[in-house]
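Inspection log for the structure reproduced underneath, given as structure tokens.
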Amino acid sequence: MYYNHKNVLDTEQFSKPDLDFLIGKIRVMERLVEQNKAFGILTGKLLASLFFEASTRTRLSFEAAMERLGGRVISTVGFQFSSISKGETLYDTMKMVEAYADIAVIRHPVEGSSRIAAGAVKIPVINAGDGAGQHPTQAILDLYTIISEKGTLDGLTVAFIGDLKYGRTIHSLINLLRHYKVRLFLISPPELALPESYKKALQGYSLTLEETTDIKAVWDCDVAYVTRIQEERFPDHKEYERLKDLFKINKELILASKKETTVLHPLPRVNELSTDVDDLPNAAYFRQARYGVVSRMTLLCLSLGQDF
């Protein structure tokens, strides 16, 4: 098939054939890594890692992905360590980055910032999270994780639990799941419900959606996607304190499930996912992080036009 996505900015850009192609290529990359044959695919290429908002997993995952492909990385972390702190615009920053690197990965607290970045340059740009907007590479690795863990997506029931209002990983993954025959449970307090714009975007697709405040809905789900309450997005800290502990996933809840509920979490976790879940075989969130490296290795290659 013809895959034509130099930039990875949001999940709306991907069709079902695109996703089928990506899943297949990630499988190929996973085998290459297992056989120690991936190193050297991007030799001579330079990645600019631009993280203007806190990150551990995504930043290290992208940098590890580039290094494992034989490429190199230059980076900046936080506004205080960049010329943006001096008043430089994101546009100007990107024009400078274009002179140094072959591809850029950017995380920024402002929704839509990745589009500004991509519009400024000719090199590929990958969105690693833009405020409460989207996190497309996380969604792709989440999709791959579910398929790897469950064998399929069609026919599954997936629960999203926690902060559905500000959770960009949820926004992105739901956009991808509309291409599959799935049933969604949205489990959150009303104050943190999925924005109406995302619900409307699901209309006309074959999935079904149900909203509830009952955490026990997890018992009927094949997958439980848990997220932390996004403290940094709340304009009112008292509101965060009131809501932060309303939904908690623990071992007792998961063991009571009618299905072998696979537990996912984009991490970091705070109080919403108990550590007593970690030793369950269906706790997949650390495997999820591992799938992230091969997924991002694949996306880096495809954005740079390098087949494998």
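Glycine too: its Cβ is placed from the backbone N, Cα and C atoms.
Arg57 (carbamoyl phosphate binding site) falls within a helix when secondary structure is assigned with DSSP. Summarising the annotation, Swiss-Prot assigns carbamoyl phosphate binding site to Arg57, Thr58, Arg107, His135, Gln138, Leu267, Pro268 and lists sequence analysis as the type of evidence.
Contacts of Arg228 (L-aspartate binding site) defined by a Cβ separation under 8 A and a same-chain sequence distance of 6+ are given as Gly162, Asp163, Pro268, Arg269, Val270, Asn271, Glu272, in order along the sequence. Among the features that Swiss-Prot reports, L-aspartate binding site is placed at Lys86, Arg168, Arg228, with the record citing sequence analysis.
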Fill in: Of Arg57, Arg107, His135, Arg168 (the binding-site residues), the residue whose Cβ has the fewest other Cβ atoms within 10 Å
Arg57
Worksheet entry | Cβ within 8 Å of the mean position of the Cβ atoms of Arg57, Thr58, Arg107, His135, Gln138, Leu267, Pro268: remaining residues of the chain near carbamoyl phosphate | Ser55, Thr56, Ser61, Ala128, Gly129, Thr169, Pro266
Discussion item. What does the structure give for the C-alpha distance between His135 (carbamoyl phosphate binding site) and Arg168 (L-aspartate binding site)? Integer Å is fine.
Written reply: 6
Item to complete: Using only the Cα atoms of Arg57, Thr58, Arg107, His135, Gln138, Leu267, Pro268, which the record gives as binding carbamoyl phosphate, return the largest interatomic distance in Å, rounded to a whole number.
Response: 16
